[in-house]
């Protein structure tokens, strides 16, 4: 997600604002902060629960633990769907900075990291006695916001062209918020280990390779 935010979202956003000269960073910076603040807002208004903790975030609720786990994953799937939709929308409108293979690389990278996200939901559901198929369905449904968000964004492609640099960087800001606020702390939870750091580097380099090789 970090590599995708940089290569597939922030860099194209800056390139598309090249006509602004030395101020071409403004759309990227503004969109980036809008994405961060948007996820911060959702984090405060949606009750959810992270792995390895029993303390829920957001407003108080009587939701079950598994339901709040699903909401946590669903919450950070929102920017991923937006990112894919914005990139494909840019390609469909003929934007020179966005290629079909570059959009495919972003989609593939996000799809790969969706497998462990689904497992985060399915395994706790299974451990609490839910059937295999229902637990699997729970993991799948937690990611349904991604294709829905992507399709809606693509359908609005003609409307978003003028704001494309802002939207690309908005998605990047939202994705990086999720990485720093949720994924990195969970990666480092418990006994100190370098495994999480190594696999972060593997994921980053894999996404970098996909973006450059396919883009």
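Each Cβ is built from the backbone N, Cα and C atoms, and glycine gets one as well.
Source: prediction; values computed, not measured.
Positions annotated as transmembrane segment by TrEMBL: 25-46 (among others).
What TrEMBL lists as transmembrane segment is 67-91 (among others).
Residues or ranges marked as transmembrane segment by TrEMBL: 97-115 (among others).
Feature annotation from TrEMBL assigns transmembrane segment to 136-160 (among others).
Summarising the annotation, TrEMBL assigns transmembrane segment to 166-184 (among others).
Marked as transmembrane segment by TrEMBL: 196-214 (among others).
Away from its own ends, the transmembrane segment (136-160) comes close to residues 66, 70, 73-74, 77-78, 80-82, 84-86, 88-90, 92-93, 110, 114, 117-122, 125, 130, 167 of its chain (Cβ-Cβ under 8 Å, at least six residues beyond either end). In this chain, the transmembrane segment (196-214) lies out of contact with the transmembrane segment (67-91); the count of Cβ pairs under 8 Å, excluding pairs fewer than 6 apart in sequence, is fewer than 3.
The transmembrane segment (97-115) shares more Cβ pairs under 8 Å with 196-214 than with any other stretch in the list 25-46, 166-184, 196-214.
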